[in-house]
Structures are given as C-alpha cells and as structure tokens.
Amino acid sequence: MAWDTTDTLGKGDVVSNESLANLLREERRFAPPAELAAHANVTAEAYEQAKADRLGFWAEQARRLTWATEPTETLDWSNPPFAKWFADGKLNVAYNCVDRHVEAGNGDRVAIHFEGEPGDSRAITYAELKDEVSRAANALTELGITAGDRVAVYLPMIPEAVVAMLACARIGAAHSVVFGGFSADAIATRIQDADAKLVITADGGYRRGKPSALKPAVDEAVGRVQGVEKVLVVQRTKQEVAWTEGRDLWWHDVVGQQSAEHTPEAFEAEQPLFILYTSGTTGKPKGILHTSGGYLAQASYTHHAVFDLKPETDVYWCTADIGWVTGHSYITYGPLSNGATQVIYEGTPDTPHQGRFWEIVQKYGVTVLYTAPTAIRTFMKWGDDIPAKFDLSSLRVLGSVGEPINPEAWMWYRKHIGADKCPIVDTWWQTETGAMMISPLPGVTETKPGSAQRALPGIAATVVDDEANEVPDGGGGYLVLTEPWPSMLRTIWGDDQRFIDTYWSRFEGKYFAGDGAKKDEDGDIWLLGRVDDVMLVSGHNISTTEVESALVSHPSVAEAAVVGAADETTGQAIVAFVILRGTASETADLVGELRAHVGTTLGPIAKPQRILPVAELPKTRSGKIMRRLLRDVAENRQLGDVTTLTDSSVMDLIQSKLPAAASED
C-alpha cells in the first residue's frame, strides 16, 4: 500500500514473461460464501455500471455522503494531472463521520471500542464522539487555528488521535499526522514543510508493556523550527514531562472545559483535508496532499464495498497505526463515515502474550479484520497453536494491506484465522491513491491466494511494458492507473513539479505507481512489489517477491527477504535472508535444501547465491522490510539511514553473520 515510490526509473526494469510464469502456477480458487454473496453490499453489477458510465458511478457514490451543497460537476480534468472532483459541492467531513449518525438516531451505537495495551478499555458512542470532537474543535478555534491552517499530530493509538483529526476536519484545518515512533528529526522536517502552527501530542503511550515517551521528541523538534505557537498535550501515561509555560497546554484542561456545542461549517470539496508524508528515494519526504469530497467519497465507498460492512451488526478492526494512510482511510474516515463500530488497539500484538490480537477478536466479537502480511507472517512464525486457543468464529471477512501477500501466508490466514470460510480481500493501494484501488469483492470474486485480482468498480488500472503498451494476459510489466480517481493525491505539498516528475513523467498521461505487476491468463493482477525490487540475473528478470514466496513455501521458513547484490559474473546475484520457524535448526544441509527448493520451484536461475538465516529482519515501524539496508549488507557497503527502523541493532547482528555465509559457486 504505502510503498515508497521511486522518483526515476530507467529502462530495462520491466519484469519478463519467463520469470512471471512461475507465480502463475497458483491454481487454488475460493468462491465467495453463499450467504455473504446473497446479502453482499456490492454485486457484480457494480463493475458493469461503472464501465458504462464511470463518472456517473462516482457521482452516485458521492451521494452516499451528506452535502450542504450538492455537487453538479463530477470531475474537472481540464488541467491534468491536477484533478478536481465534485468541485462545486460543499460538505463537512467531520459531520459526515459523526453528527449525521447521531441525527439518524444512532447516537447510542458504539463508534470506538478502545483497548489500551495495559488492559484499560472504554467504549465511546457516536453521541459521545460528537461531543468530544465538538469540544476539540472549539479548543482549536480558541487557540487561533482557522480554516486552511495546518496542525501536526504526534500521538499514540488512542481515541484522542481520531478526535484530533476530526476536530481539524470540522474547522477546515489540514492535519499532518506523524507516526508516533518517528524521531525528532522526522517530526521537525514535517512540521517545517507543512508550516504547522500547532502540535498535538501526548506525554507518551504504552508499547511492549511499558510507557514510551513522546513529548521529548516534540520538544526537541519544536525547538528547531519556527512557527509553532502551541503544543497541546494529552495525558496518557502520566510520565513526568518537561513543560514550556505559555506554549504547552494540557488537552484535558483546554478541551475539557469547552462547550460540546459546535456548528460545523461546510467547506468546498477541494478543501485540503490532510498532508501525509511518505519517503522519497531522493531528498526530503513527500507531503502527499488529500482533499475532502473526493477522498471521503472513495474511502467511504471502498470500506463499504470491500469489507461488506454492515454497521448495525459488524465489529470492524483495522490493526494499522493512525500515522499511516491505512489508519487515515480505514480507521478514521472510511469506518466512521459509514457509522461502523470499530476496535482501536494501542499496543503490540505480543503484549503481554502472543495471543493478544486473538484475545481482542474474541473479546469484542470482531467480524472484519484488516491487517498486514508482515503481521500474518509473524503469527505464522509464532505457531498455529496460539490462535487455536481463542474463539475466532465471529470473523467473516479478512483483509490484507501493505505489500503483496505470498500464497502461503494467504492460505495460513484463511485456514488458521478464517476457519477456511472467510473470504480474504488482498487490497492494493498507496498513500498517494488515498483509498483502495485493486481488490477482490468478498461477495463477488473467486479469490486466488496471493493476487489482488482486479481494479475496483470505477478504477482504471492496467499493466504496461516499457513503451506504455498494455501487456497481454500472461504478461508482466509496470502497474499504471489510466484514469483519474476521486481520492487521488492532488499534489506534493508545495512542489507541483515534483508531483508531475514523480508520478506522471514515466508514462505520458498515466499515473505510474512504481510497482511491478503481472496479469494472469484471466486478466487478474498480481503485484510484484516495487520495481526496484526486480533483479536482473544473467539477463533474466526475477522478482524478489517470487523468490521470497518460494522460500516461505518451505516448511522450515517463517519469513524471507531477498535482494539483488552486484555480481561481476551474473550482473546481480540473489542474496536471501531467512527467519527459520521455531522447530528448524540452522545447518549447512538446510541452507542447501532451501537453495534446491527455490531451484525446483522457480527454476535454477532463481536459486539464491547466498542464504543467511537470521533472527530478525530490519523493519520500519510500519512493518515494512528495509531491503535497501539488506542490499547494503550484501554488497558490503556502509549502511544507509537506519533511523526509521524499529530496532537498528538488528543490522549489527546481520552484518556479523555475513562473512560466515556459504556461497554457491
């Protein structure tokens, strides 16, 4: 999903048909459950409707929202690639997420079941959420924030994070949420780029069983930049914090004393809603700008369609952090615009034990679960017996987000979490796309393990070759989006030229996603990861995803990361880093067996030259494997930036193992 997008791509990166044929061996198919299909929110007719009249289809989805001024114009594409959707309409995003459900008589419905890591919990109804958002909106206004201002948010996974976002939306201020694990450097860069006047943070949050301080990083960041007038601090952990009089304010003092009455103002559909930063391959992070009407229309529709969400009966849980786009679209805006009841969990999946996620599913009767392949692979590594201890029978739809999911992890998820009955929606989208773009529909699609399958109704996606020609079924190349969509990024904040250069210059008139993909014989799409994760070995293009999937299909391997390292003989050599399952022991025989297994599965050309069993892989705080650092290790280079890693010491351990790794002649 929010994969980093390369700023430039050379020729010769396209994935060859020969290497793609191997992943096409996946022949398992799973039809939608009959009962779900019979009562599905969205049926196969949606594809036909959208194909016949794409703009009419999106105009209809926009009518699912409540507008103060109904739009009469759907898309203005007069100045591509700068889109305007529903531009003459006016709405208030927070009203759509909160007030309208209360006015419809659903004020007593639980909006958020909050589960703190230490075990504290609270249920917040829509009526209570409306009051809290109104108080926060009044507080922001009192602090001098007006429509068009930017507010930085640096909070743990607590309800106040959602309240802060909605309060900004309510008064027309754009929020810039910074993931609560980023450094002072990262916070300062983002505050400065967005020119934020206010920072909302907390004393700390709970992580892995203990308080983790947040305010010190904000203090350091604010000390480096100009323009921040106030810092609003939520008291979560009651840690001691440094305090700057006149600047720092307690949330409970300022928000708590406000009136719960606040009349939301209607803003134009193109009013900036948020800026969310994603790392670029060069230079400073890119501030992805999303606006209000089109973004909310697509986030709301896709949440309704892809999860088959029934607000009266479902309990939804997206395990992402609010600091990522998944948390924006599928915790805050999509679910709440649909009146959903959802779980928000503060902590990690292994605190205080490795069954914590499944304990939460059991406790709240979660029916729809949306999580990441990296989490699923971790659960596989921990063992099938852990989820088996809990009652997961409430689950009816499972989702995957963040990166391509390999078929073995997909099957494990279906079997051990979904009891072989839940459809899996493997969703492809990005920070830049704002909402889901490619995914099965749970009541329509016959699913294939490892494939996101087809563009959602109203979305135009395809796979092209180097010359921008659409590849035939069975072929591979680059994923592109050929028509504008409502939730698309409007620009890179403050840098229109970089927006054009990054996304629109590679293929004229098409948005280039930066991902390799293939189409199978049915025309379904299989994502192969970032284009820069394609290796050229002896003239053959080999996808890292293919080799990783082959390794993980071996019973001894829990997780794998593969990189291409420069090699004088072959151009690039395949180097694999693997985490073994608990029962497997690291031996030369096993390494040889794994190499042979890849050769048997994909062909001799794909056999890794080196395989290194490791205890952990370098991951960012969002769970993405940092293959760039593994490439540095494999090529014996000085390590690049490790500041976004969850644990940078893992790189020392990996580097120390490299000299001992046996290499195939």
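Cβ atoms are placed via backbone N, Cα and C, with glycine included.
Caution: TrEMBL annotation is automatic and unverified by curators.
Note that the structure is a prediction, hence the values are computed from the model and not measured.
Here TrEMBL has G402, E403, P404, D426, T427, W428, W429, Q430, T431, D515 binding ATP, and the candidate from R414, R454, R498, R530 in that same listed site is R530. DSSP classifies G209 (CoA binding site) as coil under the three-state reduction. Secondary structure at V557 (Mg(2+) binding site), as computed by DSSP, is strand. In this structure, the binding-site residues under consideration are R207, K210, and the one with the smallest number of other Cβ atoms within 10 Å of its Cβ is K210.
Across the binding-site residues listed here (G209, G402, P404), the residue whose Cβ sits among the most other Cβ atoms within 10 Å is P404.
Across the residues annotated as binding ATP (G402, E403, P404, D426, T427, W428, W429, Q430, T431, D515, R530), the widest Cα-Cα separation comes to 17 Å.
Across the residues of the domain 'AMP-binding enzyme C-terminal' (546-624), the predicted structure has a mean pLDDT of 88.
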